[in-house]
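Notes follow once the structure below has been shown.
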Amino acid sequence: MKRVSLTQYLVEEQRLNNSIPAELRLLIEVVARACKTISHAVGKGALGEVLGSAGSENVQGEVQKKLDILSNEILLEANEWGGHLAAMASEEMETIHQIPNRYPKGEYMLLFDPLDGSSNIDVNVSIGTIFSVLKAPDGMTTPTEQDFMQPGSKQVAAGYAVYGPQTVLVLTTGNGVNCFTLDREMGSWVLTQRNMQIPADTKEFAINASNTRHWYPPVTRYVDEMLAGSTGPRGKEFNMRWIASMVADVHRILNRGGIFMYPADKREPDKAGKLRLMYEANPMSFIVEQAGGASTNGKQRMLDIQPTALHQRVAVFLGSKNEVERVTQYHQE
Ligand code: AHG
Ligand code: MN
Ligand code: MN
Ligand code: MN
């Protein structure tokens, strides 16, 4: 089999389909390189003294793990000097990060969840990185937070890395979804899956069932109907999986279908869920749609939501199209 590297894929994509401008190609390569560095740190585990808590809190009130902070720093440092970015934003930083004046600036804005699945770090379960790329308004080299408030449909690229049994990078630039596996000996990303497709139907769902008593009626109804099995209204048996790393749950869905849900619930009625729109829900929704799946907040298409705050939370229903449409319809009835 002829090996196609990430670099070669991106160059060919730029040449043949014109879907990737040179600057964006450079940006993606740099993010991929940062993910390689994070993967290396993750792989060291206790030997690299990267496990455990850092003893600080982020703007969402979550305790930061050492790897949350380290991964954030790796992404910032890797992307600052390349000249392709106007600014960055991250789950682990309260405000946006401007490119220091000593470096040239570019037209893109990068958003990331540097380390997704923090609760799994110390137990050697798959974790990852999620990123999203927006364009800065024309000529804007020092964007404000307001300039980041673009609906997900404006993303020009999105991707995630999973640090699991293998390290993989899944990427879209709006022309389908491709998966690259890190060749750890060679240090290069190799194209291993082209044009990933999520089947429209599925018999598998993912939700944190410990929150059952807090759910709103549409979610309860939807899950109850699945749990009723082959003699219930759905007429088939469903299986359940919950990894508690969104990257790993979404990666499973991209490979064999399924629906992933993190609904808003009754605990905090003014909170629209747990996951963050800008650096979790939007990039994952772009990828899922590009793979033929669907994603909503229960009421509307995720990618159409007009953001109002950098760390805005949102309810998430994504994956196999027919299932996402069903649970979204239950919210409308
Ligand atoms: P993060 O580690 O970036 O804060 O995100 C964790 C998220 C997501 O990855 C996962 O799907 C969800 O939190 C798990 O939440 P529960 O612990 O409530 O199951
Ligand atoms: Mn977190
Ligand atoms: Mn996350
Ligand atoms: Mn995170």
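Here, residue 1 is simply the first one shown, and the rest follow in order.
Using the three backbone atoms N, Cα and C, a Cβ is placed for every residue, glycine included.
Bear in mind that TrEMBL entries carry predicted annotations, made automatically and left uncurated.
When TrEMBL records Asp113, Leu115 as binding Mg(2+) 1, the matching candidate from Glu80, Glu91, Glu145 it lists for that site is Glu91. In TrEMBL, the substrate site is described by Asp116, Gly117, Ser118, Ser119, Lys274, and among Asn178, Asn195, Asn208 the residue recorded at this site is Asn208. Annotated Mg(2+) 2 binding in TrEMBL involves Asp113, Asp116 plus, out of the candidates Glu237, Glu268, Glu280, the residue Glu280. When the binding-site residues Ser119, Asn208, Lys274, Glu280 are ranked by how far their Cα is from the Cα of Asp113 (Mg(2+) 1 binding site), Glu280 comes first. For ligand 2, none of the binding-site residues lies close by, meaning a CB under 6 A from one of its atoms; the full candidate list was Asp113, Leu115, Asp116, Ser119, Asn208, Lys274. Per DSSP, the secondary structure of the domain 'Fructose-1-6-bisphosphatase class 1 C-terminal' (198-332) breaks down as 60 helix, 21 strand, 54 coil.
Applying an 8 A CB threshold to same-chain residues 6+ apart, the list for Leu115 (Mg(2+) 1 binding site) reads Ile38, Lys65, Leu67, Asp68, Ser71, Asn72, Ile121, Ile127, Gly128, Thr129. Among the residues the record lists as binding substrate, namely Asp116, Gly117, Ser118, Ser119, Asn208, Lys274, the two farthest apart have Cα atoms separated by 16 Å.
Checking each of the binding-site residues (Glu91, Ser118, Ser119, Asn208) against Glu280 (Mg(2+) 2 binding site), the C-alpha distance stays within 10 Å for Glu91.
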